[in-house]
Each structure stands twice: as C-alpha cells, then as structure tokens.
Amino acid sequence: MAHSKEIPSFRWTQSLRRGLSQVHPTVKTDVLKDAKLIADSIDFNQVSQVQRALRKNKRGEEDLNKLRDLNKEVDRLMSMKSIQKNTIFKIGDLGRDELMELASDLEKLKNKIKRTESGPQGLYMGNLSQLQLTKRSEILKTLGFQQQRGAGNGVVRIWDVSDPSKLNNQFGSMPALTIACMTVQGGETMNSVVQALTSLGLLYTVKYPNLNDLDKLTLEHECLQIVTKDESSINISGYNFSLSAAVKAGASILDGGNMLETIRVTPDNFSSLIKSTLQVKRKEGMFIDEKPGNRNPYENLLYKLCLSGDGWPYIGSRSQILGRSWDNTSVDLTKKPQVGPRQPEKNGQNLRLANLTEMQEAVIKEAVKKLDPTNTLWLDIEGPPTDPVELALYQPANKHYIHCFRKPHDEKGFKNGSRHSHGILMQDIEDAMPGVLSYVIGLLPQDMVITTQGSDDIRKLLDIHGRKDLKLVDVKLTSDQARLYDQQIWEKFGHLCKHHNGVVVNKKKREKDSPFKLSSGEPHCALLDCIMYQSVMDGKMVDEEPVALLPLSLLFLPKAAFAL
C-alpha cells in the first residue's frame, strides 16, 4: 500500500478489534466503580480551575502544576491505571523479524509524534519563553510573514515551562473521569450519563460517531449537550468534554463488542499482544505514516501498548508514567545462550522484563540444572494453559521441587477456577514475580520426558512456550485413583504451600449418569498433587519432605514498607 493512499481508518480499527479479540475483558463495573469514587471524592473546584487553565492559548508553570496535582489525585483514586514498566523484548519473546519490525515502527512513530508536537509546517510550539514568542512574532511580521496559528480550526496551545518532560502523559481522556465530570458538572444522574454514552458506544461498533450523530443522539439524551463541538487539539486533557472522550467512555462500558478500549496489558500477555498486532498490520497493509498529524489506528494502538507493559492502555490513568512509548519499550537483538530452546510460538508468552534480573535468572538456571533428566519428573499446573496461575515440578528420586505462581489476566476465569478447583485467592498471588513460570519452562533440558496426570493442558502450555521437544507420559489415573491420598498429603505436606486459602465448592452431578464429580473438597495444589500422584504410583505415602530449589524471595515481588 502506498503511504500516500487514503487510510481506511475504520476498517483498520475493526481488523485490530478482531485480531486482538482474546484480550477484551468486560470492564464496565470497574469503570463505574472508579467513576463513582471520583465523583464522590474529587474537589470539582480544582477541576474547574484546571479546565479554565487548559482553555488558555498560553499556559505556564502554575497551570501545569495544577494539572499534575489533580492528575495525581485522580490516579490515587482509580483502580484502573497503567504503572511504570520498562520492557526489553529479546529473541525468544518475538522472532528476529518481528523485533526488527517493532523497533523500526517505534522509531518512525517517535519521529512522527515529535514532528506533530513541534507544530504545523515547522512552527515550534514548545519550550519558548513568552519574551521569545513575542520577539519571534515581531521578526515574522517585519519580514512580511503571516504568523501561522495552526491548521484548520485547531488551536495552537503553547506551554511556557522549564521542564517539557513534565508534560508527558498528563493528557488523554479516561472514561471514569469523563463519566464523573459529566455527572457532577452536568448536574445529571450517573445512570442517565451511562445510558447516553452507551448509545455512542453502540454506534462506534459500526462507525466513527461524528458531530451530526452527536446532535441526533442529544435529542434523546439531553446530558450529551455538555459534549463540546470544538476541534480536537494536541494536549487536550481528560477534563475536557470532547466527542472523542465521550466515544471512548461509551466503548468502555459496552458488554461485548471487542473494543480496543478495553484491552488490558500484563507482563504475561504483552508479547502476544505485540505479535497479534503485527500480524494484523501485515495482513491489512497497515503502516506508520511519518507525516505530522493525527495517529492512524495502528499507530495509536502501538503507542498505547508500548507506553507501559502493565495496565489499561486506552482507558486507565497513566499520569504517573515517566517517558514515552519508545523510552519504555525497547528491543535487544543480542541472542543469549539458553539451556533449552525457547522458540517463539503463536501466542508468544516468553516475555522478559526488567524486574527479572540477571541474578534472578542465574538462580533459576542453577535450580533447573539440579533436575535429573534421566529420572521421573512430575509436572502439574493450575489454571488454563493460556493463563496458568501455578506450576510445580517434582522429582521423587532426589526429593527436589520447583514451585512458582503467576498473576492471571482473566480474573473472571480465575475466580471460577478458584471456586471449583485450586482455591487460590487473588490477594495471595497478586505479587507473584512476572516471568518466572515462563523462564522455568524455557530452561527445561531439551527432549526431557515429563510425567503428568492428564496431558492435554500441559502439552498446550509447553507448545505455547515453544517446547514441542519435551515428551509427556500421561499416567491417566481416574479421579478417584488420583486423589486416594488427598487428605493425608494435605495433612503431612500442606505447610509447603500456603496459597490455597479459598473455599472449594464441589461440582455436583445434575443427572445420575453424569461422568464427573470431584471426590474431594480439598483444593488442587500443583505441588501437592504431584506428590499425591507419586504416592499413588508407589502404593504408599511419600515419606520424606521434598526440598524447594527456588527461594520464596524470588517468587514474589517485595512488599512495600510503610512508616508512620
């Protein structure tokens, strides 16, 4: 596709929605919870002051401080936010060609955005003092030039501040904030605002809503009168009632629709998101258009994904993030030696992040080396293979085990699994160290034979991580056989794992011939299940307590210490 060709913007948006459909959770409840808290807690006199400051053509340090202070308060109140997370993609996370493509597109995007922010037709709008701006106007007038004031109906907004980096990530709308401001400042009920924005969101599933659409919907929903009809401009804040902010809010509170706005990035799905995005890009012929101007759908998605590897790219608070996308996401094409193959697969989840240090990697490598590839090695997981929450490796011959956890990205599915299977509570694993589970799988000795009880999910998990070389032996015990020593194992070795504190509700038969019924109300722990299966194979309880190869301090992020 020639880059001068008109971009089929909405078609690209629809294609990206479909290509990333696996990561569109329903977030309406979370958005409205944050909106209610903001509406009840924020000082709307401060909001009015910030809105007034942002309407000025020339803004200074005091205006920026007001904006940053209010953003900090909103960020404190919100549960939906993006956090600082610097990500380095390496070979194994993505293929070499994908890494090069990502690096190239981020560089092009950087150039485009910097040119756009420097002003139309080369007019610099950045960190000039008021004296310099006045002097420049006089020089241009003397030389016979008309001073440019922006393209079309757009308004040039000049910030006269000492540190331009403080402007980063202070702008952009958030649905929770938009809903709260429309409710309080519009004198409306939140329910009427939600209904109106839902109508906009439904329209957005088939087209980009425009001002004519807004006028027609306003006849049905009077609260939409507060939405401004002004042209969008650079550095528009989340406190402005723009049409784009209203549409984004509407998209976020739809149930279904595969809206990009509801994407959540986690350390474990980041690489697969990038991989899927690049696949859609190639299929549709998308590209980075380096000419200054608004971002096309691919540019917008790439920028938002790469700003932080942990959070809500479109709808969360991001005002506490430092740097830009090209600062926070980088590519390293240096191939590091590995014990086992870690080839990129379709779902590409072998993400390496800054919070798994070289020292931590060395500890994990040393632990995996202690597993004997010639002896029986049990492997069990809890959670689905695409979103596992627990993994255990147990070797009876040397009494060694590796046991690690992972925070899930599908919280609804996790709660269901907790209730009917593993009994893990989110509060017990929310601080699990990202990347450990994938790194352990990647280091397993090549062509090793692994013993399992049920192999389908484990086979899929290994394939996702590029470990098709690993062989599985499924002992295929019945449910009753597998859990013969259930209670005895929990009584003897339950102290080895303290992360199954939920109540497990047995699945009951609906009919007489129902083939499935759990025979125990004990939770399923990957580690204790491995010990249990070995006991069944031995025909007696395992006697000796196994030894952990990974320290607990490596498995979880350190808790923040608070001093009064």
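Cβ from N, Cα, C; glycine included.
The Mn(2+) binding site annotation in Swiss-Prot covers D380, E382, D529. Within its own chain, E382 (Mn(2+) binding site) has P388, V389, E390, G417, S421, H422, I424, H524, C525, A526 as residues 6 or more apart in sequence whose C-beta sits under 8 angstroms from its own.
Under the three-state DSSP scheme, E390 (Zn(2+) binding site) falls in the strand class. Marked as Zn(2+) binding site by Swiss-Prot on the basis of sequence analysis: E390, C497, H500, C525.
Swiss-Prot lists 54-236 with the feature region 'Binding site for the cap structure m7GTP'.
Here Swiss-Prot flags D457 as site 'Important for exonuclease activity', drawing on sequence analysis. Of all Cβ atoms in the protein chains displayed, 17 besides its own lie within 10 Å of the Cβ of D457 (site 'Important for exonuclease activity').
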Quick tally, other C-beta within 10 angstroms, C497, C525; top of the binding-site residues is C525
Please report the distance from the Cα of D380 (Mn(2+) binding site) to the Cα of D457 (site 'Important for exonuclease activity'), rounded to the nearest angstrom.
9
Hey, what's the Cβ neighbour count for D380 (Mn(2+) binding site) at 10 Å?
25
Rounded Cα distance, in Å, between H500 (Zn(2+) binding site) and D529 (Mn(2+) binding site) is 13
Within the same chain, and leaving aside E390, C497, H500, C525, name every residue whose CB is within 8 angstroms of the centroid of the CB atoms belonging to the recorded Zn(2+) site, in sequence order.
E382, A392, H422, G423, I424, H499, P523, H524, A526, L527, L528
Tell me, how many other CB atoms lie within 10 A of the CB of E390 (Zn(2+) binding site), whichever protein chain they belong to?
25
Given D457 (site 'Important for exonuclease activity') and D529 (Mn(2+) binding site), what distance in Å do their CA atoms have, once rounded to a whole number?
15
Cβ within 8 angstroms of the Cβ centroid of D380, E382, D529: which residues besides those meet this for the Mn(2+) site?
I381, E390, A392, H422, H524, C525, A526, L527, L528, C530
